[in-house]
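Student: Attaching a single structure in structure tokens format; questions to follow.
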Amino acid sequence: MAVVIRLQGLPIVAGTMDIRHFFSGLTIPDGGVHIVGGELGEAFIVFATDEDARLGMMRTGGTIKGSKVTLLLSSKTEMQNMIELSRRRFETANLDIPPANASRSGPPPSSGMSSRVNLPTTVSNFNNPSPSVVTATTSVHESNKNIQTFSTASVGTAPPNMGASFGSPTFSSTVPSTASPMNTVPPPPIPPIPAMPSLPPMPSIPPIPVPPPVPTLPPVPPVPPIPPVPSVPPMTPLPPMSGMPPLNPPPVAPLPAGMNGSGAPMNLNNNLNPMFLGPLNPVNPIQMNSQSSVKPLPINPDDLYVSVHGMPFSAMENDVRDFFHGLRVDAVHLLKDHVGRNNGNGLVKFLSPQDTFEALKRNRMLMIQRYVEVSPATERQWVAAGGHITFKQNMGPSGQTHPPPQTLPRSKSPSGQKRSRSRSPHEAGFCVYLKGLPFEAENKHVIDFFKKLDIVEDSIYIAYGPNGKATGEGFVEFRNEADYKAALCRHKQYMGNRFIQVHPITKKGMLEKIDMIRKRLQNFSYDQREMILNPEGDVNSAKVCAHITNIPFSITKMDVLQFLEGIPVDENAVHVLVDNNGQGLGQALVQFKNEDDARKSERLHRKKLNGREAFVHVVTLEDMREIEKNPPAQGKKGLKMPVPGNPAVPGMPNAGLPGVGLPSAGLPGAGLPSTGLPGSAITSAGLPGAGMPSAGIPSAGGEEHAFLTVGSKEANNGPPFNFPGNFGGSNAFGPPIPPPGLGGGAFGDARPGMPSVGNSGLPGLGLDVPGFGGGPNNLSGPSGFGGGPQNFGNGPGSLGGPPGFGSGPPGLGSAPGHLGGPPAFGPGPGPGPGPGPIHIGGPPGFASSSGKPGPTVIKVQNMPFTVSIDEILDFFYGYQVIPGSVCLKYNEKGMPTGEAMVAFESRDEATAAVIDLNDRPIGSRKVKLVLG
């Protein structure tokens with residue numbers, strides 16, 4: 001069913017093809033566009049289907065030839081009435097127009113000329129003009145070009161004073177509708193032709209200084225003045241008519257087909273603008289339909305681009321071109337994220353602004369399975385997104401080609417394009433500031449990151465700190481604005497496994513930053529290095545730096561400087577650690593001028609910094625560099641802290657672990673000369689000669705010391721505890737047990753200077769052999785064993801041992817590395833196992849019966865299941881945790897239970913950790929600490 005739409009606001013220069021182009025993609029049948037004109041610039045469009053009409057109504061508010069149009073629903077009846085009304089208005093206006101030379105001397109026009117009845121006379125003369133008349137009128141026109149009554153040769157035998165009526169386009173437009181009835185009306189009397197001699201008196205007009213022979217005189221005073229002889233003389237403005245624009249001048253040309261006596265009908269509506277119902281001369285129409293008569297406006301480059309949002313991630317360039325089917329797409333650029341995947345946005349470039357305008361009408365339409373948004377874009381966005389501009393011949397509004405725009409060079413000198421830009425600090429330049437560069441980044445990596453962009457030679461600057469390592473900052477300068485904008489679009493893209501931040505910066509700002517970095521390097525002079533030299537001349541061993549942890553993630557340099565108020569610190573010496581995403585790690589590094597200032601900072605340990613207790617640890621310059629190079633998630637992972645009282649022992653690696661320094665002699669069976677006990681004494685005392693199976697020694701420590709039984713694969717934080725192969729012979733004893741005389745040294749507190757717990761009073765040799773079998777619990781362990789004295793042997797088979805000592809596999813290969821062997825077997829200054837520099841502590845959980853407290857175990861509960869050993873060490877950072885003692889618990893299925901065991905060097909240290917850190921979070925869960 002055909003639907004009619006009424007269009008208002010149509011400009012004068014628009015034609016039917018412009019309307020059809022406005023409704024491109026919709027079905028308009030042939031002859032379905034009717035332009036009425038009028039004051040509102042109206043037109044009627046007939047659509048073939050309701051759907052086309054509905055889609056057409058959605059385009060209301062659009063522009064045709066720069067004029068905004070409004071669409072209204074209409075009907076065929078209204079359309080026909082408006083067309084008929086327009087025709088009548090044209091006819092009435094044409095017949096009421098007075099002749100242009102009505103005020104000239106001569107016989108007045110006949111009163112019948114204002115009526116339609118005199119038209120047949122003139123129309124009949126159109127088809128059979130007299131050659132003499134045509135020649136005469138033409139010659140008159142040649143001599144009087146300013147007189148519009150002789151502006152056409154098609155007047156026939158009509159009097160000259162009627163030329164204005166016949167020569168106007170409005171009059172000619174009524175000929176097709178009036179010629180048919182005119183032939184039936186008898187011609188009225190016509191004024192005689194001899195009235196023509198009334199024209200010669202015109203040259204005698206006194207106000208005109210032109211000599212009389214010149215025929216180009218202006219009209220008489222009542223007629224408005226005419227400009228001096230143009231190529232096509234314009235008509236005198238006519239009285240205003242309702243809704244009619246100014247008329248075009250009459251053509252001056254030979255008679256067209258249809259007027260030369262051939263009798264062929266004249267089709268005035270053929271390829272003409274219907275707003276005027278056909279111009280006067282079909283050969284030279286009013287050239288409004290031809291774009292060649294209208295000078296094309298310069299095209300704004302921004303009018304060629306649109307931005308598309310919300311596309312499916314799987315959309316390709318062909319999908320975008322299919323979406324804009326029917327439009328001339330020049331190029332498509334799909335935007336991508338930092339990984340290189342489509343992000344659902346894109347930019348499209350068209351060949352003409354009309355295509356862009358039509359593309360904007362497809363906003364909120366379906367592409368594949370998603371409704372996309374189409375919005376205007378600019379050439380700057382296109383260039384910034386990485387699109388290329390090719391200055392080829394651009395298409396004008398109607399398809400004409402225009403030469404490319406003239407691009408002026410930056411410099412008038414011949415080499416201006418080849419040399420780099422001036423390095424004046426006052427010049428803005430095209431510079432970028434890079435942050436987050438890998439520490440091993442070089443110029444070639446930066447060039448590869450900005451590949452295909454024109455970088456100024458030797459303009460890449462990578463900043464280095466006082467330690468000689470890259471700080472992650474850099475600067476790059478580009479040659480032109482397009483490459484500069486393209487570089488800014490690579491913000492947060494990856495270089496290797498780190499994403500780079502690209503920020504704009506002026507050349508002056510870049511030079512200031514580079515100068516600041518160089519001054520920082522100069523301040524780190526050799527004099528300052530000498531200040532922190534220790535007596536041995538080691539630069540890195542002096543503790544002139546502080547590592548501040550457990551601070552808010554949003555901490556800033558100013559907060560740290562306020563926290564260190566009273567201690568002289570340079571602002572450039574404070575470094576807040578951030579991760580790869582630029583987020584704070586809750587840590588800061590401070591480098592002081594001397595060790596005294598660093599010691600002063602230790603007084604701030606556990607002081608409040610923005611609501612949190614800050615942990616301040618003094619570290620060496622080497623440690624600070626290590627922390628700065630590999631910033632941990634929290635604290636410094638793997639930072640080895642010196643443990644008081646646990647020095648490295650020659651021949652015993654890993655600070656107290658039994659090693660190759662343990663002799664193979666002195667075992668039962670080989671005799672114990674140092675104790676004076678025969679080798680058979682141990683067997684007679686109740687020790688099994690075939691060894692002690694692991695099941696024979698109960699684990700009195702229970703689950704609390706179960707970490708001693710886990711394998712090194714599960715602990716994964718310490719070396720396996722293996723006795724030397726020659727220690728136990730051919731596995732004759734399995735896990736070796738120290739001789740009875742050494743019991744106090746082996747199972748009591750074996751620290752240097754601590755006497756044994758034997759009854760004889762001799763250090764290390766006070767245990768009687770008979771008392772070993774049935775003594776009054778004189779070998780019972782300390783209270784830390786499991787809540788009370790234990791029998792260390794009331795007969796064969798009941799020999800007790802330290803908790804967990806015998807629960808491991810033979811050789812104690814899985815025990816933590818801090819569990820030492822008998823002290824008498826290691827080197828020492830004296831012959832006995834008494835005081836000496838060897839520190840072989842007992843297993844964690846051992847408490848001493850006297851003197852310094854021994855290692856203590858803490859049970860950590862309610863941790864996240866994904867927690868790692870490093871995170872636990874970070875949690876206890878600052879406390880003296882025994883290296884390699886952290887053990888995660890797993891259930892029978894191998895799944896984590898959220899619990900762990902941690903051993904500390906002393907009970908005081910463990911107690912402080914429980915008091916300070918209980919109910920503190922690890923991740924999103926608050927952990928519980930239970931003292932062993």
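Glycine too: its Cβ is placed from the backbone N, Cα and C atoms.
What Swiss-Prot records for this protein is below:
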COMPBIAS  98-116  compositional bias 'Low complexity'
DOMAIN    304-379  domain 'RRM 1'
MOD_RES   Ser352  phosphoserine
MOD_RES   Ser375  phosphoserine
COMPBIAS  392-401  compositional bias 'Polar residues'
COMPBIAS  408-417  compositional bias 'Polar residues'
MOD_RES   Ser420  phosphoserine
MOD_RES   Ser422  phosphoserine
MOD_RES   Ser424  phosphoserine
MOD_RES   Ser525  phosphoserine
COMPBIAS  717-734  compositional bias 'Low complexity'
DOMAIN    856-932  domain 'RRM 3'
Student: Counting every protein chain present, what is the number of Cβ atoms, excluding its own, within 10 Å of the Cβ of Ser352 (phosphoserine)?
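Tutor: A 10 Å sphere around the Cβ of Ser352 (phosphoserine) contains 20 other Cβ atoms.
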Student: I need the CA-to-CA distance for Ser352 (phosphoserine) versus Ser375 (phosphoserine), whole Å please.
Tutor: 16
Student: Determine the Cβ neighbour count for Ser375 (phosphoserine): the number of other Cβ atoms within 10 Å of its Cβ.
Tutor: 10
Student: For the domain 'RRM 1' (304-379), what are the DSSP-based totals of helix, strand and coil residues?
Tutor: 17 helix, 32 strand, 27 coil
